[in-house]
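J.: TrEMBL feature annotations, pasted as is:
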DOMAIN    10-234  domain 'Cytidylate kinase'
BINDING   Gly14, Pro15, Ser16, Gly17, Thr18, Gly19, Lys20, Ser21, Ser22  ATP binding site
COMPBIAS  194-211  compositional bias 'Basic and acidic residues'
REGION    194-214  region 'Disordered'
Amino acid sequence: MQTAPAPVIVAIDGPSGTGKSSTSKAVAAELGLSYLDTGAQYRAITWWMLSNGIDVEDPAAVAAAAGKPMIVSGTDPALPTISVDGEDASGPIRTQEVTAAVSAVSAVAEVRARITGLQRSIAAEAAEGGPSAEGKGRGIVVEGRDIGSTVLPDADLKIFLTASPEARAARRSGELRGKEGADLAATQAALLKRDTADSSRKTSPLKKADDAVEVDTTELTLEQVVECVVTLVKEKQLAE
Ligand SMILES: Nc1ncnc2c1ncn2[C@@H]1O[C@H](COP(=O)(O)OP(=O)(O)OP(=O)(O)O)[C@@H](O)[C@H]1O
Ligand SMILES: Nc1ccn([C@H]2C[C@H](O)[C@@H](COP(=O)(O)O)O2)c(=O)n1
């Protein structure tokens, strides 16, 4: 009789626009795993700060408010959700205003401690088949900037996605076409600025874990990246 593979925890990190969300969702859907977008959680707390008149450039004010909003993430890769104090935040967290403020908010140690705790409990539930685990105990794909290096250092598989700034800007501009922020040069400058802020902060910066597998997606289609990651997960499961 065939036994079900042991739950697997996959960490996918990398700079903006390298394909973390698209890849993670597709891998989780194909393997029947849960999916967690940790960037959405940092965006959600940033949106709450902006909506509640907190000065996001004042780390002490952000730190004092970090424990207040209740953030809930739905982990079904077919329909990931994010709410703040019971309100659907999936639209507002993608505005330019939130994108411009999220690096400052996510650099505050109290914010990171709060969100990291949330991420660890969601990952543990997904691996144990707890009540909120849509992946029914098979495991989870968690994507972000510091998942392999800090949040889940014991993840079964760590992937670090990269791509050239030009490829990343072209992907983002294609997404934003006709909307505010669609200019290619401006898009590239904005994402490099965010990468610099995210990799240079003191607490838990954007970083490749020593034991992560680096995948340069510049010349790869999304389907090729997904196939590569799915193969790596299956190899891990077979080796267990
Ligand atoms: N290998 C690829 N080839 C071409 N386009 C891609 C590839 N991977 C992702 N994309 C596209 O690039 C855009 C950005 O992808 P995605 O949102 O998954 O990146 P991300 O790393 O999660 O970004 P961020 O960190 O800013 O949230 C999307 O429009 C997506 O469809
Ligand atoms: N693990 C994470 C995930 C995200 N962030 C911060 C830094 C990003 O600029 C921002 C938004 O993430 P995105 O939606 O672009 O993936 O959130 C982080 O610090 N740590």
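Backbone N, Cα and C atoms are what each Cβ position is placed from, and that goes for glycine too.
Just so you know, TrEMBL annotations never went through curation; they're auto-generated.
Computed from a predicted structure; not experimentally measured.
Just tell me what is around each of these and how deep it sits.
T.: On the 0 to 100 pLDDT scale, the domain 'Cytidylate kinase' (10-234) averages 93 in this prediction.
In the three-state DSSP scheme, Ser22 (ATP binding site) falls into the helix class.
Here the region 'Disordered' (194-214) has long-range neighbours at 11, 13-16, 99, 102-104, 106-109, 112, 116, 145-146, 148-151, 153, 157-162, 232, meaning same-chain residues at least 6 beyond its ends whose C-beta is under 8 angstroms from one of its own.
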J.: Drop a 10 Å sphere on every Cβ of the binding-site residues Gly14, Ser16, Thr18, Lys20, Ser22 and tell me which sphere holds the fewest other Cβ atoms.
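T.: Ser22, out of the binding-site residues Gly14, Ser16, Thr18, Lys20, Ser22, has the fewest neighbouring Cβ atoms within 10 Å.
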J.: Out of the binding-site residues I have (Gly14, Ser16, Thr18, Ser22), which ones have their Cβ sitting under 6 Å from ligand 2?
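T.: Those binding-site residues that pass the cut-off, since their Cβ is under 6 Å from ligand 2, are Ser16.
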J.: Helix, strand, coil: count each for the residues of the region 'Disordered' (194-214), based on DSSP.
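T.: With helix first, then strand, then coil, the region 'Disordered' (194-214) has 7 helix, 2 strand, 12 coil.
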J.: Applying the rule Cβ within 8 Å of the centroid of the Cβ atoms of Gly14, Pro15, Ser16, Gly17, Thr18, Gly19, Lys20, Ser21, Ser22, what extra residues of the same chain belong around the ATP site?
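T.: Counting only non-site residues, the set is Thr23, Leu161, Ala163, Arg168, Thr217.
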